[in-house]
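As recorded in TrEMBL:
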- 69-317: domain 'G-protein coupled receptors family 1 profile' (DOMAIN)
- 54-76: transmembrane segment (TRANSMEM)
- 88-107: transmembrane segment (TRANSMEM)
- 119-148: transmembrane segment (TRANSMEM)
- 168-190: transmembrane segment (TRANSMEM)
- 224-252: transmembrane segment (TRANSMEM)
- 264-288: transmembrane segment (TRANSMEM)
- 300-319: transmembrane segment (TRANSMEM)
Amino acid sequence: MEINSDRTLDVNASKGIEEGEYNAGKSLLGNKNATGSSAFILVGFAEAHKFHSLIFAVLMSLYILTIMTNMLIILILKSDAIFNSPMYFFLMHLAGLEAFYMTVIIPKLLENLMVETTFISYIGCALQMFFFLFFGVAESFLMATMAIDRYVAICHPLRYRTIMSKNVCLVMVAGPYLCGTAVGLIHTIVTFSGKFCSSVINHFFCEVQPLLELLCGDTYSNEVLIMGVAIFAITLPFSLIILSYIGIISTICGLPSSESKYKAFSTCSSHLIVVILFYGTCSAAYLRPKSSYSPSLDKILSFSYSIVTPLLNPIIYSIRNKEIKGAVQKLWRKMMSQ
């Protein structure tokens, strides 16, 4: 299917969408689309339309596998008393965030692959952007929380239970969700408060940068604000992680034996791998100016941190954590014996 970004085509293509959802979006966000369209068109992977069936099958398999893997992690962590510690409490929330994070994108993407281009209502696009940012930013700050937890466990082991009390853990896990809400609202309101000169989004979901490309007039102030929020959402938690690991490495280097050093480092190696995967792709996607934006590159980066990372994270934790690996094996043997 050939995609035409001409504005007249955008208006005609979206005439069949009900005006009700558009009016609801206007009242919520105070915006009027300059194209007169009540919906956006998601281009998705139109350039690879010959492989849509293959991509659909792969994505459906990855989605089911990711949901099942993360739900299995949550089930295991809640079912065994051995996992009654702050580290596993945070890991359980991370698994839940991964599952929801992927669910915001994949169902609409699968629909896109089936019909080649798909409509998404004005308010539906705003909601998708909000929840994508909400879960993504919450995960970013939760990783910083997990790094602080590892710092306390390794650098202050005798006071670990006292410092990481139940109330402290609840506050530390609530913080990421509050930050996710704030960032999601700011991004969504700023983006949708402008007027859009086109209805065609050259992406497979309502991502910030592709929508910024559609805004009419000078978008410099929008870019500055969005870049500032992105710096807060990425560099602040990443800085906390770096500071935590400086303290961790310093403590590990002071341990007397190689065995104790290995044991201490093994407790945070899984987290470190996940951090590198997540922040590497997110930084490349968000911490760059609009002038360097490339639709093809942005799709690849978005695919990496929104689809690949949620699948790899539980696998990494399962493989490198003896307790989780043992619990999975125990559950498997129990299922096979029935």
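Here, residue 1 is simply the first one shown, and the rest follow in order.
Including glycine, each Cβ sits where the backbone N, Cα and C put it.
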- Proximity of the transmembrane segment (300-319) to the transmembrane segment (168-190), 3+ C-beta pairs under 8 angstroms: no
- Message: Under 8 Å between C-beta atoms and at least six residues away from its ends: which parts of the chain pack against the transmembrane segment (224-252)?
- Response: 137, 140-141, 143-144, 147-148, 150-151, 154-155, 179, 183, 186-187, 190-191, 208, 212, 261, 264-265, 268, 272, 275, 279, 282-283, 286-287, 289
- Query: Do the transmembrane segment (168-190) and the transmembrane segment (54-76) share at least 3 Cβ pairs closer than 8 Å, excluding pairs fewer than 6 residues apart in sequence?
  - Reply: no
